[in-house]
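Enquirer: After the structure tokens below, expect a handful of questions from me.
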């Protein structure tokens, strides 16, 4: 495995659209590319192809060779100077949505410069292209929509989804991120406008995980929306009807899943994003044995939170089995995290997973999940119905259970009140508080509240970013339990190994790989996640561990196994540096 091109398994893809037109993906960085397959009379179209456009960075020789003379001002700017100019422009925007639109505009006109900016300024730009700004972008997607960046598969395409997939210009696709828009972050049903999520996720697959953009496909499944505001919005871009459910929904999803496999082969990774609970669990259960599927809300969130817990043990002491967990929220994220925690404890102590669930408690909208409620619970909640008297209200559950670790996945803001945090601090020397709901407005509490109400003793992590906070002379750096730590490296590892299925062991491997990247210097600041500035190195290590587990489990198809998987991961990562078109 010597370069990114080696990750493309052309034999696994059945004909659909066109391939890498200019052979750029399989060329080395120092190999000149000729961006034409036929003779042309003008380079005008070259400047309007975002994948090959370099703007003012086209050299004098390139301008002569590709009919660009006179189509650009005479100055030649380096990519570095273009990057500096673009960052200066983005920083002038005070409104986050304006920054988002500027970045998306760049992605639509100059792909390599977009990724260069994102990679080099990841901590500053991640909140712009991803959570929390992407939430507002989805809410207003109809108004800001300019160019299609993915595939829209609606009920109108039922019976012809395979033909629709073939309209996508790339013949080889290795990662698909798909949503039906029913549960976008903590914002609810945004219908077709949920496309901002697959687009944002795949931008991170490339920037943080090194998967080439040509191998990524964002898809929105449009079955309608129950959001009356959108249905009455003249700028809404989706089907104007109530959501299809039941057999009609299931048939469309089934056709989609098998069309993807037929068109792109068995080794295309399908990542589900922001499906409602009832569909998310069912889709994962139904297709995990026949497709390479991964649910980021269930599995990705679980893996990144488990990583934070494993690293936090250095500050908390003991093992996972020694701690008591209380979740506010028992949906995809909450039960997914709880399951992976119980699985990891079982790996450590060898006891049945059922026994290791006993110290993990969940609270939903009706109160503590207990055995007396079992008959009325959804199936994915039933394993967490323990023997206990019924309790309503989070504060009452905190007082009764006395957890050492409090995790919020409710999607409802301000639930970790002063009373809740003070109570946690009253019976824990170092309470771990994870307010994971996105976007920032939906966080269960802020970093400032957690540190202040615990008198500086809490370890805090959130789903959306919070600034460092100073309390009594000490600066605390909040952790961000961001799925971006996990899914790009996880996906790269799956692709590297040519894995045909996702296994829980691969998720545990990803969590441990991330936890191992936290250093003593980070712990001194109260951090339980490493800085995002090193995310590509982190992703390479995660990819290596995930790939190694795939080989160990016999799920890998790219043989033989490379001797150094970290080196292989780093070598196959996409580079956004401009190519020479001579």
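The count begins at 1 with the first shown residue.
Using the three backbone atoms N, Cα and C, a Cβ is placed for every residue, glycine included.
Dumping what TrEMBL says about this protein:
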{"type": "DOMAIN", "residues": "107-288", "note": "domain 'Malic enzyme N-terminal'"}
{"type": "ACT_SITE", "residues": "130", "note": "active site, proton donor"}
{"type": "BINDING", "residues": "183, 438, 482", "note": "(S)-malate binding site"}
{"type": "ACT_SITE", "residues": "201", "note": "active site, proton acceptor"}
{"type": "BINDING", "residues": "273, 274, 297", "note": "divalent metal cation binding site"}
{"type": "DOMAIN", "residues": "298-551", "note": "domain 'Malic enzyme NAD-binding'"}
Enquirer: Would you count the other CB atoms within 10 A of the CB of residue 273 (divalent metal cation binding site), including those on all shown protein chains?
Expert: 27
Enquirer: Applying a 10 Å Cβ distance cut-off over all chains shown, what neighbour count does residue 482 ((S)-malate binding site) have?
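Expert: The answer is 27.
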Enquirer: Pick out which of the recorded positions 183, 201 has the most other Cβ atoms within 10 Å of its own Cβ.
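Expert: Per the Cβ count, the most surrounded site is 201.
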Enquirer: Which recorded positions from the set 183, 201, 273, 274, 297, 438 come within 10 angstroms of residue 130 (active site, proton donor), judged by C-alpha positions?
Expert: 201
Enquirer: What recorded positions among 183, 201, 438, 482 are found with a C-alpha within 10 angstroms of that of residue 274 (divalent metal cation binding site)?
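Expert: Within 10 Å of residue 274 (divalent metal cation binding site): 183.
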Enquirer: Starting from the Cβ centroid of 273, 274, 297, the recorded divalent metal cation site, name every other residue in that chain with its Cβ within 8 Å, sequence order please.
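Expert: Near the divalent metal cation site, beyond 273, 274, 297, sit 179, 183, 184, 197, 272, 275, 280, 295, 296, 332.
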Enquirer: Closest to residue 438 ((S)-malate binding site): which of the recorded positions 201, 273, 297, going by Cα position?
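Expert: Minimum Cα distance from residue 438 ((S)-malate binding site) across 201, 273, 297 lands on 297.
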Enquirer: Taking 10 A as the limit, how many CB atoms besides its own sit near the CB of the residue listed as 'active site, proton donor'?
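Expert: Result for the residue listed as 'active site, proton donor': 28 neighbouring Cβ atoms inside 10 Å.
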